[in-house]
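> This is the structure I have questions about; it appears just below.
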């Protein structure tokens, strides 16, 4: 029996090539396993036509190999729709975390608990989870308290994911640097 | 016949030591080739006396080995002033890209096209191009649409340059890390 | 006689795991030397009860092995309270630099001079200095002049420290990357 990587965490700044790299990684992984390829979109359906168009464009661009699931908050809700030994790309954690923090008012401890339970449930089914997120902390901390809390919230989740990940990757201008498991 | 590196891309945050490192690299390169050393300043002449003084100080600090050219937008316009087998430092792309995006209203596609044509024209003449730019994407995305577009614009150019570069380097506190071609 | 590292510089973004990593490093270092372990808190006592609580929590969390000193500006003032062959963690430079720049109105040259004299005085006593600071420069430069000056000020101090450091480390999501002396 082969050994497969169970969790990969990919972070980087805006337009650093994170999503493209993650999609290629997921496609290669699914091909190696011979299993299905799931895409978990965390965006609540946006109001802006521009954003809707960008989402449609991304979906078409990914091609027919992908099964797209949508869930803005309750990650566990998608578990029944997955299959064992598959590959799941969650893009992106940044959006999910802003939604659980601002709309669902989850505490950091609760968010970490939910995320960890989700990771464990996937690992139990030999599903490779690939998580994409944005680094937003290499700057002057925002003066607005709500935004500073969000930076702290998201970056604490990053630490939690990196600790649990088999691979942790940072993207810079389309280049991948392996912080863990390279 | 020797092989020379044709394009080097150096990025980093504000005061990360990018320019100093790039200047040393360019000087070493010109010495190894025995060719002239050009500096392409992309700043439109600034209004502020402080900025004017800083530019003059930088120019004097670089010393007499350098031939300084100034061109805020039309990169190709400087081609007739260069010589084959020379070294050209473009400092910095951040400024150029803000000028072509905001003042000249160029699309990303058009900017990539112009930049790639410039790179090709230099490679044809065996001119080593060293490009310096700022990483501005490891933070909360700006809420103002125009600024967000600019971050996307610049970081997409970074990806384009990194893909074409023989060497891609990120600076952190005066230390160079080679993402590509180290 | 053994050789000990004399200065370590650790930077990273908000919630990147800098402080925890620095504390572990300091504890290991003190254990290896058999010397005392000092913590230099640079925070002027904050107004906000939340911040006061966070400081108390951190102090308790560090445990009884640590001797905590407090000094927001005049680093040299703590020298008489230290002992040779000890370990000193300064957390963090970001706060110190904002205080010397905004409250004490020190120039960058003067700040570098004070910091370098402090480092030298510690090295003379075989005290290992570990400095923690925030990277705040991978973003659009702030438009407000005072803030931009601060980014320049702090990042210039980072370059100064990195140049003098035996080890320079950047933290990303709890992972340490050695830029120098790894």
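Including glycine, each Cβ sits where the backbone N, Cα and C put it.
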> Using only what TrEMBL says about GTP binding by B:12, B:13, B:14, B:15, B:16, B:17, B:18, B:19, B:41, B:42, B:43, B:70, identify which of B:29, B:91, B:105 is listed for that site too.
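Looking at B:29, B:91, B:105, the one TrEMBL places in the GTP site next to B:12, B:13, B:14, B:15, B:16, B:17, B:18, B:19, B:41, B:42, B:43, B:70 is B:91.
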> Which recorded positions among B:18, B:58, B:91 have a Cβ sitting under 8 Å from any chain C Cβ?
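Near chain C: none of B:18, B:58, B:91.
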> So how far apart do the GTP binders B:12, B:13, B:14, B:15, B:16, B:17, B:18, B:19, B:41, B:42, B:43, B:70, B:91 get, largest Cα to Cα in Å?
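Overall maximum Cα spacing for these binding residues reaches 24 Å.
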> In DSSP terms, helix, strand or coil for residue B:18 (GTP binding site)?
helix
> Give the helix, strand or coil assignment DSSP yields for residue B:43 (GTP binding site).
coil
> Check residue B:91 (GTP binding site) against DSSP and tell me helix, strand or coil, would you?
strand
